[in-house]
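Per TrEMBL, the features are:
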type	residues	note
SIGNAL	1-16	signal peptide
DOMAIN	100-138	domain 'ShKT'
DISULFID	Cys143-Cys177	disulfide bond
DOMAIN	143-177	domain 'ShKT'
DOMAIN	184-220	domain 'ShKT'
Amino acid sequence: MMHLLFFTVLVGGAMAGISDLNCTDAGRYAATALNCQNKYPNADCENLFGNPVKVNTDDERPDKCFKNAAAVYNEPMKQLAVSICPLTCGYCCITPAYNCENKRNPRISCATITPDMCENPTWKPIIVEDCPKSCGFCNEGTCVDIAKDCAADISICNHVDMQDFVKKNCKRTCGFCDEASADCGNDAKCTQWIANGFCKSTFYTDEQKKKYCGKPCGLC
């Protein structure tokens, strides 16, 4: 009997952990699970759903984040948690603001972006275009995905028969945002110039800014 009890406890412990693997890495909550804010006050979210999850832990989410009263997985309940209390439930990475992909060939390393850079008016235009997922800017800017879930399978970006579709409906995910035009520039040195204050400088005219770095400066 003791051996059976020990086996039951051992199996139960082995099965414990995160069952809904959204925003996890190797069975633990990734940093992207908690890189957003709740729509409701944190205290209210905890009252509604339970104790908040923590990065790099493998404790199960509160049941109310994704289960109904019968403790059965419930998609509407999960979507409610995503929409109002994503931070508490560890669902930040699947909120609309973060549910996209960074540009395949960004002008800056998306992995090195800090929270301060996300709010910096000098860097924001570049981040919105090149690294939107890093700062929750997926819904900002003029280049957005029209089709839902483009990022779910980015192989379509390179599929020959899908080019017309992705160029129209998955521009952001597939990197097909409108290129710079003659009167709306995106010079290779814009990243360096913008870091030195080019966009905000009073030394250059608006026409010059638009001509050389209009797109990253957010002028066109």
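Note: Cβ is positioned from N, Cα and C throughout, glycine not excepted.
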Beyond the flanks of the domain 'ShKT' (184-220) by at least 6 residues, Cβ under 8 Å: 107-108, 121-126, 128-129
Mapped DSSP class for Cys143 (disulfide bond), helix or strand or coil: coil
Helix, strand and coil counts within the domain 'ShKT' (100-138) (DSSP): 19 helix, 0 strand, 20 coil
The domain 'ShKT' (100-138) [mean pLDDT, rounded to integer]: 87
Within the domain 'ShKT' (184-220), residues counted as helix, strand or coil by DSSP: 14 helix, 1 strand, 22 coil
